[in-house]
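Features of the protein shown, as given by TrEMBL:
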ACT_SITE  HIS291  active site, nucleophile
ACT_SITE  HIS523  active site, proton donor/acceptor
BINDING   LYS293, LYS525  substrate binding site
SITE      SER546  site 'Interaction with DNA'
Amino acid sequence: MILANLAKIERAFIGFPKTLRFTSSSSSSSVCFTAKTKHSSKLSSMAISQVAYLIPLKADLKEDDSSPRITLSEGPNTIGRGNNVTITDKRLSRKHITITTSTSGSASLSVEGTNPVVVRSSSGERKKVNPRGEVSLANDDLIELIPGHHFFKLVLLLSPSENGRAAKKARKEGDGSDDVEEEAIRGFVPPSEKLASTFRLLSVDGLPDWANTSCVSINDVVEGDVVAAILSNYMVDVDWLVSACPKLANIPQVMVVHGEGDGRQEYIQRKKPANWMLHKPRLPISFGTHHSKAIFLVYPRGVRVVVHTANLIHVDWNNKSQGLWMQDFPWKDDDDGKDAPNGGGFEDDLVDYLTVLKWPEFTASLPGRGNVKINASFFRKFDYSNATVRLIGSVPGYHTGANMRKWGHMKLRTILQECIFGREFHRSPLVYQFSSLGSLDEKWLAEFGASLSSGITEDRTPLGPGDPLIIWPTVEDVRCSLEGYAAGNAIPSPLKNVEKPFLKKYWAKWKADHSARGRAMPHIKTFTRYSDQKLAWFLLTSSNLSKAAWGALQKNNSQLMIRSYELGVLFLPSPVKTQGCNFSCTDNNSVKAKQDTKDEVEKRSKLVTMTWQGDRDSPEIISLPVPYQLPPKPYSSEDVPWSWDRGYSKKDVYGQVWPR
């Protein structure tokens, strides 16, 4: 328990400008750690530059767990005794070989010392390289430093496309896995009129440019002439945020709605720009958090609504798999907004959610509109009639009556019950993908599954229950990730939650080759119902799989108890007319969506993954960048689900064990 809490605290302190020492003691233990900003920056730079690594092997060519892997950065890497090889054999030179790698996936070896080197390819070909000689390397080549017979295996993290195609063919022939289009993210380039109808992945440092196609960073979100901003999140690293997005220091009014503890809140209060205001929403039920992740930007032309999955900290926006949706909405024609038509479910859901936050009302000066009060009802002044998603929020409380169906999994159930889906989704499977697992029981999991199984087919038949799979990183996934074991800090589930016997049949792998995010550990949270590469619906959310986030029915199903604040966006088949909105708060040439004819309105969109093989240019096809493989691949008998309070002695890609 102490280790788990320390890991959480250590992660929270990333970004502190000074060394901070924490000591926890009890009658039987005393534990301390030192947290420094340098740790975060060092880890980030390592993740950014790493393109390959060498795995030390024993004489039988099995991995040597007692020796750390050697990280290879882009460019020349000198390998030798006392440098990065832990072997004391003095027949090895201090500069024995140089391995030169590139982000294109190519590598070469040159012999710097006085002894030759042997390179064996995976096909069995053997090459002897003499001093001053050079040879090209391929993924999985074995390198033998002689004399002494010291073996290493080369693993290229970014293989050339030819290697990728060969690996794909081998997988198809070897394990019968489904044909997932390699590097599909290269082709994920939604046209401007469909951008609001899909979501984007966040950019990941250390990946080639093609792997970040159509991905976004925080400066792609906070742009243009913003006059007021509301940042809603759980964790806030003020030092990183201001340096990463300097614009936030110059926006006239910024309200930060957060979930930080008292110590962190005091620090942010001292360090924040003068234009920032802080607010921590009330948590009326114990063990709840303000966990929602959203941004609301007010412009002279309208408002930008952003719902995403990243804490406002460096590692979340740079090293992990994350998702983000955003859409711009114009002012209603009636400046007052009172007499303008209601924006439907999206507007009501948004204002209901913001009302519960109860941030201190503040005044902003808007060009052409004068001083306006920024509160929850202010957001009724915008036209949400072309909203492409529905909001699924959670707020803490004991919800009864009509309110019970406004929040959590009961809100999702209510919306899905009103939807008609294709026949292929009858009893089709469900996916639960998240980054923290609560303390679950089978009764609640059935309750939750009933909500996600709601809906009817075109012939009015209930969709029926879907068998779920839980996509969750294995210990090996975390160990070999861009951050090594450090990535486990953001997958904070204890052994007692992860190793419940009834969960074993649900575990599925985090496989993300098509999105190039196999080693970028997921902090994204998604829930979906699928058939092959078609999606009945898709939810991008801050909610993990827990009763605290989704709520639990009580009192003979007459009450829903929720502990935390959460927010997500639900993608549904919708009239194609909603896909025609080109309005932008930052583009003066954009216009409101055109009014469609009756025939056009009756066309409904179809949701597919970015590996779907079909005509994505069709107006009704909405491609979503689902980062993991569908169908998910169940765990093998050797796979162990990650839990952060267990010890792992096998060294990660940085030569570290867990806990450090």
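Just so it is clear, glycine is given a Cβ too, placed from its N, Cα and C backbone atoms.
Computed from a predicted structure; not experimentally measured.
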Distance from LYS525 (substrate binding site) back to SER546 (site 'Interaction with DNA'), taken between C-alpha atoms, in Å: 12
C-beta crowding around the residue listed as 'active site, proton donor/acceptor', within 10 angstroms: 24
Rounded distance in angstrom between the Cα atoms of LYS293 (substrate binding site) and the residue listed as 'active site, proton donor/acceptor': 12
Separation of alpha carbons, LYS525 (substrate binding site) and HIS291 (active site, nucleophile) (Å): 12
Number of Cβ atoms other than its own within 10 Å, given for the residue listed as 'active site, nucleophile': 26
